[in-house]
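Okay, structure first, notes after.
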Amino acid sequence: MPIGCDLTFNGLILVTLFAAVQAGTNCSAADATRNCIDGMIVPIWRPYLDLKMNDRILRGVIFFFVIAYSFLGVSIVADRFMSSIEVITSMERTVSIKRPGLEPMKVKVRIWNDTVSNLTLMALGSSAPEILLSIIEVIGKGFEAGDLGPNTIVGSAAFNLFMIIAICVLAVPSTEIRRQKHLDVFCVTATWSLFAYIWLYLILSVFSPGVIEIWEGFLTFLFFPITVFTAWVADVKIIQKRFLPHRYRRTSRGLVATEGEEMNMLEGNGDGVVDPALKAFEDNRDTFIQIMRDIRKKNPKIDPIELQKQAEYEMITRGPKSRAFYRVQATRRLIGGGDIVRKRIDKEHHKSIDAIIQAQETQARKNTCRIYFDPALYTVLENVGTFDIVVGRDGGPEGLTIMVDYYTEDGTANAGSDYIPVKGTLTFYPEDKLQKINIEIVDDDVFEEDEHFFLHLNNLRVRTKDGLIIDPNRIGGVPVAALEMPATATIMILDDDHAGVFSFEHDHFQVVENCGYLSLKVQRNSGCRGKVIIPYRTVDGTALSGKHYETKEGELIFEDNQTEAFIDIGIMDTEQYERSDHFFVELSQPIWTKKMSDLKKVQERFLKRMERLNGSNLITDANDENLFGAGLTEQQLQIAELGKPRLGDIKRCQITVKESKEFQSVIDRMLKNANASFMLGTSTWREQFVEALTVSAGDDDDDNDDDDEENNEDGSKSCGSRPPAKPSCSDYFMHFLAVPWKLIFALIPPTDYWGGWACFIVSIALIGVLTALIGDLASQFGCWVGLKDAVTAISFVALGTSVPDTFASKVAAIQDKYADSSIGNVTGSNGVNVFLGIGIAWTIAAVYHKFVKGDEFHVDPGTLAFSVTIFCVEALICISVIVLRRHPAVGGELGGPMKFKLPTAALFVLLWFTYLGLSSLDAYCIVAGF
């Protein structure tokens, strides 16, 4: 145990023991009929005096089962209450984070700090029955003190600290351990937890024995925000950041010195001040990506949708979850609600599939005939002669005749000298799906640059079966026919009097890493005569060959009249969320494989052209093979050189490999779906009633995990892909037992309304009503079986309110990587229960007595002072053992070797029974209390 925590705990206990000695004894005689009175809601079952033993036993059994059934109702409405709290505390805001050398990243971060939410709304949610019972009891008794509320709070704290942690210690397998991640927060909450009960004793028996003054009640409540603030300070480590010298930094092994080059590196790169929101986002994202990779390795042929479902399930199972999530999950499994995670994931994926099917059906219902070029780009050689351009027709009502006009338009090519212009009308009869337009290209022997012209469609008309020409845009508000892009075709004419200019289309291309391979186009412009070889190779940039892409080095072969070729380069998928690596592809000088006689023919063509242009009678020796272009003037030689193959301007291309947006969006979507609050929330009343009437299998996490490991070893399906289990008999029994409660509480507003606050307000009101009912029933149960309210409170009532928390903590111990959800939440809520439950109730009562009745608010310490003292002593033992288990011999607070696990659990169970026994004996004055 840290020295600070140890000194604080010991100091608090010494104060308690000293006060106990000074206080003396305050024990009253037992009175079996003291609590046989009418309750706030339930009147006493008359007659209640001079009953036979059989009648008392019968009434006791009836009330026992009614109380148990009422606790079931409280658990179900608390389920709804905790769901609203999870939605409220999971609210997010978008922040923009600057990154050195990179574009700012927008990430969503939670508005609520985890520690603050755990000690406020989460604590209120898990302990609402105890807190409300204390408040309602005081109000119901006319602002007089009662034994049920305060003793329930103390008894619940004892059960939570001793029994729940004992169960969690045993729940973790012997080969595993669970340690607390936020030990600083634990020390703070544990200290306040002990102080809360010591303070309770001090105001009862020391400061003003038997009287609660206004300042005592108000200060008790004031300790609640102080507890939250100090825990928040410990969580965000404000003191360490403020007073820790900058030459030290925190690591997972403690504080280490940082100086010299390491200090400069931290300051220069900013690693020491990484934004926590960005780090949390990236860590969560990387974990998800790794989960997807692991699942894909085990099942390479897995369907993408199934992969997403499995990854989401695994992410939620592994990731940290709030107390609200575990509480809701435990309750729903108890009442036959099944696994909320698997049910919600299946539901969302079914919704996605339904949306796709609906979109396809909508598309199929479209009733518009579309006319378009197919394709819209044509590349032809100058000597092609004639060729056809295809116009397609798709969709639309049957029986219609479609007419559309077409005409050509000059680009760089001129009508008459480069192509024959056309103009006319195409007619699509009802059975026609395509029509063709014939185009003629004019060939010449003059070298020229590549040219193009256009062919347009316009003036669409529709003729019905009756021969009536109608406007295609005004039939029932939906066009029956329309020109769809592309409505213009581009025709590129390649000159065939040149070997060609070879280049890439662009100097930069961007591909996504999951494309598999890149097909890089090398184009041949300004001619396509002869066979040409183009050498090429890849060059590393930030992308490395063999790691990010496949090395390529070879030759492209362009046959005569061939205008394009492709270089295929394999791209390796590293499954990165963010990526921007690049490499290069270079073209080398082309090699012309034509014979010399063919070269001379090309030369002669250029000479003829020059003679026509310049009027020159220059005679060239066509038989001179020593030099291509011999006998030409300098100007003529330059023009003749244009006929040879050469590289264009873009002979080096940069390829940038980026992350897959599809992969990124899948990760983003799955991270959103993997949010625990998303699993608990509801959007409609219909959804709540369907869920209330549906019974599902209550899967056991322990068994499931073992089965998953066996399946994974065989390479078969993992947790997310198991077929849904069938409900067992116990699931059906619990479901039908709980159906009345489920239907009543399905009336609570869904969590989507008002951001969860509507559900929060209605749920806590209903919890208050049920708590008042349980208070009456518990008091009368004590009447029939002869138990005082104090004993009933620390045993039956405390146990009943803690059952859902027990199951929730067990699941948290098994599933969570750390022990915070199992241990830290217990110590935090124990203190909050006193500060809220007793602080509010006693402050209200003290104010009422002071300003309305003009007297003092009296509280008989009774067994409460003795019970609090016993609890504090045992709590110190329990917390000391918990911290000592962090020693390397054990390794963590939960789990560990059986030789440590069993004695720990046995000790904690013994502490609870000791507390229960001594407090009960003191209540009946069998042992002398304080």
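Cβ coordinates are placed from backbone N, Cα and C, and glycine is handled just like the others.
Taken straight from TrEMBL:
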| type | residues | note |
| --- | --- | --- |
| SIGNAL | 1-23 | signal peptide |
| TRANSMEM | 57-78 | transmembrane segment |
| TRANSMEM | 116-140 | transmembrane segment |
| TRANSMEM | 152-173 | transmembrane segment |
| TRANSMEM | 185-208 | transmembrane segment |
| TRANSMEM | 214-234 | transmembrane segment |
| DOMAIN | 359-458 | domain 'Calx-beta' |
| DOMAIN | 489-588 | domain 'Calx-beta' |
| COMPBIAS | 698-713 | compositional bias 'Acidic residues' |
| TRANSMEM | 754-774 | transmembrane segment |
| TRANSMEM | 832-851 | transmembrane segment |
| TRANSMEM | 863-884 | transmembrane segment |
| TRANSMEM | 905-929 | transmembrane segment |
Spatial neighbours of the transmembrane segment (57-78) far in sequence, C-beta under 8 Å, 6+ residues away: 45, 51, 125-126, 128-129, 327, 331, 334-335, 737-738, 741-742, 744-745, 748, 763, 766-767, 770-771, 773-774, 777-778, 780-781, 784-785, 796, 800-801, 803-804
Annotated stretches the transmembrane segment (214-234) and the transmembrane segment (754-774) touching (3 or more Cβ pairs under 8 Å): no
Mean per-residue pLDDT computed across the domain 'Calx-beta' (489-588): 84
Touch test for the transmembrane segment (152-173) and the transmembrane segment (754-774), at least 3 Cβ pairs under 8 Å: no
The transmembrane segment (185-208) versus listed stretches 116-140, 754-774, 832-851, 905-929: most Cβ pairs under 8 Å: 832-851
Two-stretch contact, the transmembrane segment (754-774) and the transmembrane segment (832-851), at least three Cβ pairs under 8 Å: no
Secondary structure content of the domain 'Calx-beta' (359-458), with strand meaning DSSP E or B: 6 helix, 53 strand, 41 coil
